[in-house]
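Summarising the annotation, TrEMBL assigns (6S)-NADPHX binding site to Ala40, Gly111, Asp224. Residues or ranges marked as AMP binding site by TrEMBL: Gly223. Positions annotated as domain 'YjeF C-terminal' by TrEMBL: 5-283.
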Amino acid sequence: MKQRTQPEPVTSALLRDWLPEHEERGTVLVVGGSRRVPGAVLLSGIAALRTGAGTLQMATAERHAGGLGLAVPEALVVGLPEASSGAVSRDAADVLADFVPKAQSLVIGPGLTDVDETAALLERLLPMVAPDSPVVLDAFALGALGTHPSLGDPVRGRMVLTPNDVEAGYLLDAEVDDHVSAAREIAAKHDAVVNLMGVVAAPDGRLWQDSTGHIGLSTSGSGDVLAGLVGGLLARSPDLALAACWAGHVHAMAGQRLVPRTGLTGMLARELLDEVPQVLVELRTR
Ligand SMILES: NC(=O)C1=CN([C@@H]2O[C@H](COP(=O)(O)OP(=O)(O)OC[C@H]3O[C@@H](n4cnc5c(N)ncnc54)[C@H](O)[C@@H]3O)[C@@H](O)[C@H]2O)[C@@H](O)CC1
Ligand SMILES: Nc1ncnc2c1ncn2[C@@H]1O[C@H](COP(=O)(O)OP(=O)(O)O)[C@@H](O)[C@H]1O
């Protein structure tokens, strides 16, 4: 396929034709959280429910699993062993072996906080993923992939990466000077669809740029919400580029609408979760 030089703009019209109509809603498994950042996996999990997960499973450090279950009664929660650092331990793979192969889409990374434990965990988890299930990698899962690129081999062609600029730097092992070329390089290097700050790149050269969005989206937890939005869409349609463009657009539209109302607060991430359904309704009916 001829490589695009200029990204195609993401528009509501383009996306509306893409919105996955079939309501087959699968199971989304979110793996994340830690002693230090227990809420990240919750933000991703609720976001996945908002965009399409029929069944949500959240796997996180044992000490927080009960609280998650109360916060999201619709979800199944899995308690995972912790490493001494408080991060989810690589031994969590023993517990997750019962869940990973059955998930229609997976989101791994939000709230994981130790790159060595995360890399060792991914090394065992990714080969377990069902052959046609896509995987969203975010946060420390991206740092792990950046330092050990071969971790992605078992799911090559089935990954969506949602890096921020720091994570993109690890994935490239270089400075990020512009989002278009960085997204394109990461997509080619890791054979993955990438959503980097509103630029979506596919390994086959397709490229989109979303002019929506707002600086206010750069706030704690916002990336966890984005990763969950992608995971929920992937439970409805295995089209990686669709999920990355749609999730990014909904995330950006919600942020653009919220910031004037809420200001640049540090609680935008949870407000995004409540804004998403309204944005989806609007996009469908435009
Ligand atoms: N208040 C916070 O700091 C929050 C942090 N969150 C989560 O907490 C975790 C840590 O986030 P921070 O922003 O503090 O992370 P850092 O600012 O320490 O690092 C940012 C990213 O760089 C990469 N990285 C850092 N050190 C690395 C290393 N030694 N080798 C390879 N890659 C490395 C990781 O992918 C990491 O996600 C992430 O899972 C993130 O999702 C968010 O969920 C929300 C709240
Ligand atoms: N200035 C911006 N314009 C548009 N989108 C943004 C902007 N800042 C952040 N975002 C979006 O929000 C996401 C999360 O931002 P980030 O600062 O990485 O939050 P987190 O620390 O939770 O990962 C980014 O991946 C990007 O999609």
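Cβ coordinates come from backbone N, Cα and C, glycine included.
Here the structure is a predicted model, which means the values were calculated and not measured.
Note on the binding-site residues Gly111, Gly223, Asp224: the fewest other CB atoms within 10 A surround the CB of Gly223.
Across the structure, Gly111 ((6S)-NADPHX binding site) and the residue listed as 'AMP binding site' are spaced 10 Å apart at their Cα atoms. Here Ala40 ((6S)-NADPHX binding site) is positioned 9 angstrom away from Gly223 (AMP binding site), judged by their C-alpha atoms. Among the binding-site residues Ala40, Gly111, Gly223, the residues whose Cβ sits under 6 Å from any atom of ligand 2 are Gly223. For Ala40 ((6S)-NADPHX binding site), the count of additional Cβ atoms within 10 Å of its Cβ stands at 30 [all protein chains shown]. Residues Ala40, Gly111, Asp224 are the ones the record ties to (6S)-NADPHX, and the longest Cα gap between any two of them is 8 Å. For the recorded (6S)-NADPHX site, residues Ala40, Gly111, Asp224 set the reference point as the centre of their Cβ atoms, and the other residues of that chain within 8 Å of it by Cβ are Gly32, Gly33, Val37, Gly39, Val41, Leu42, Leu43, Ser44, Gly109, Pro110, Leu112, Asp138, Ala139, Gly221, Gly223. Taken residue by residue with DSSP, Asp224 ((6S)-NADPHX binding site) is part of a helix.
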